[in-house]
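Feature annotations, courtesy of TrEMBL:
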- 62-105: repeat 'WD' (REPEAT)
- 106-153: repeat 'WD' (REPEAT)
- 154-197: repeat 'WD' (REPEAT)
- 233-259: repeat 'WD' (REPEAT)
- 260-303: repeat 'WD' (REPEAT)
- 304-349: repeat 'WD' (REPEAT)
Amino acid sequence: MNELEKLKQELQIKEKIILEKDKISIKQENIISEPKEKRNQDKPNSLDFDTFRTSSKLFKSFNGHKTNVYCIDYLTFGDSQFICSGAEDKTIRVWDIETTEQIQIFTGHSDDVSCVKFSSYHYCNQHSTVICSASSDKTICFWDIKNDKSFQIFNGHTDGVYGIELSSFNGGRYLCSGSHDNTVGLWDIETSRSLHIFNEHTNWVWCVDISPLQNNDNNNDNKNNSIGVIGGNGYTICSGSLDRTIRIWDIETTKQLIVFKGHEYAVRSVKYGSNELINTILSGSWDTSMRLWDIRSGQQIQVFNGHTREVNAVAYSPLVNGNGNMICSGSWDNTIRFCDIRSNKELHVIKGDDVKDDGILCFKFLGLKEEKVKKNERTENGSCSLCYGSSKGIIRIWE
């Protein structure tokens with residue numbers, strides 16, 4: 001609790017600094033009800049969905065992993081773009097998007113690599129490019145790309161770690177993790193300390209997310225809205241589990257706030273919304289469904305069906321559709337499906353190669369290079385690409 005009080009005080013002092021730092025973070029765009037002309041003017045890195053649907057095609061492939069690619073993240077640095085990937089082969093690989101060449105490989109984990117993230121904390125505060133990884137070997141590791149080595153390890157979990165997420169506040173200093181020891185961990189990257197262990201799940205925790213940077217100006221009377229306030233902002237963690245529940249945890253008080261029930265099998269992916277969707281959580285499950293939940297009421301809003309096998313990954317799509325907000329999901333059925341929230345209709349399907357991919361395990365939207373964003377330039381098919389990892393080890397980009 002002392003560490004959490006320290007966290008609270010630091011965030012109160014640094015709130016203005018946090019807001020400035022996070023402006024440089026890679027943020028997922030959200031779709032809002034504005035005229036199309038205004039959307040494109042205000043958000044040069046958004047992409048018209050109709051263009052993507054009619055013109056998108058397989059753009060590049062990355063070969064190196066030989067089996068399940070569980071996770072992907074990406075980083076834009078000046079004129080260069082990179083992705084990192086983690087796989088069942090116990091390796092973390094770094095790729096140059098332009099050339100599709102593998103430029104680095106880390107082999108320090110002794111079991112599957114389940115999640116990878118480029119560390120915004122090290123990038124913002126130490127000007128170094130670092131990858132954070134979670135593994136079935138029970139550890140969370142930090143890898144320095146320049147020095148080609150691991151320099152920091154978290155050993156607090158007693159079983160495999162399958163999901164990690166970095167905080168949107170305080171420059172990504174805090175990390176949450178989900179483990180097959182049935183717990184969710186909260187860590188301070190700067191001090192390498194465990195701040196708290198959340199332990200109400202009754203089975204494996206597969207996935208976690210941290211609520212986005214926000215200003216909490218609302219007066220909430222409903223207990224379901226009483227999220228903790230840190231530094232003038234409310235921050236929570238959500239987690240999905242094999243116990244079929246999604247749970248929301250208050251970072252400040254460490255209390256469990258809400259339990260969402262409805263999925264019929266393991267919850268494999270959870271994501272907070274932002275902007276107009278700030279009070280929603282999106283989830284994907286091995287019951288083949290994708291579901292949307294309302295944090296304010298504690299209730300399920302919608303169920304999206306269409307997949308014929310387990311859903312492994314979900315995301316709020318940055319692709320702009322005139323009918324409203326879109327979400328997407330990747331599945332063992334080898335498809336990525338785009339659904340419109342307002343109409344509850346499936347709008348588009350990307351299908352992987354049945355032989356060479358054999359199941360989509362993760363995906364990530366990639367933006368324009370930095371200099372093109374500044375010039376408001378667009379590629380042939382728009383300003384956004386979709387990268388996915390498959391069960392056969394191949395990583396592909398659709399553009």
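Backbone N, Cα and C atoms are what each Cβ position is placed from, and that goes for glycine too.
Note that TrEMBL annotation is computational and uncurated.
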Inset, instruction - Report the mean pLDDT of the predicted model across the repeat 'WD' (260-303), rounded to a whole number. - result: 95
Legend entry - the repeat 'WD' (233-259), counted residue by residue under DSSP: helix, strand, coil: 0 helix, 18 strand, 9 coil
Inset, instruction - Helix, strand, coil: count each for the residues of the repeat 'WD' (260-303), based on DSSP. - result: 3 helix, 24 strand, 17 coil
Inset, instruction - Helix, strand, coil: count each for the residues of the repeat 'WD' (154-197), based on DSSP. - result: 3 helix, 23 strand, 18 coil
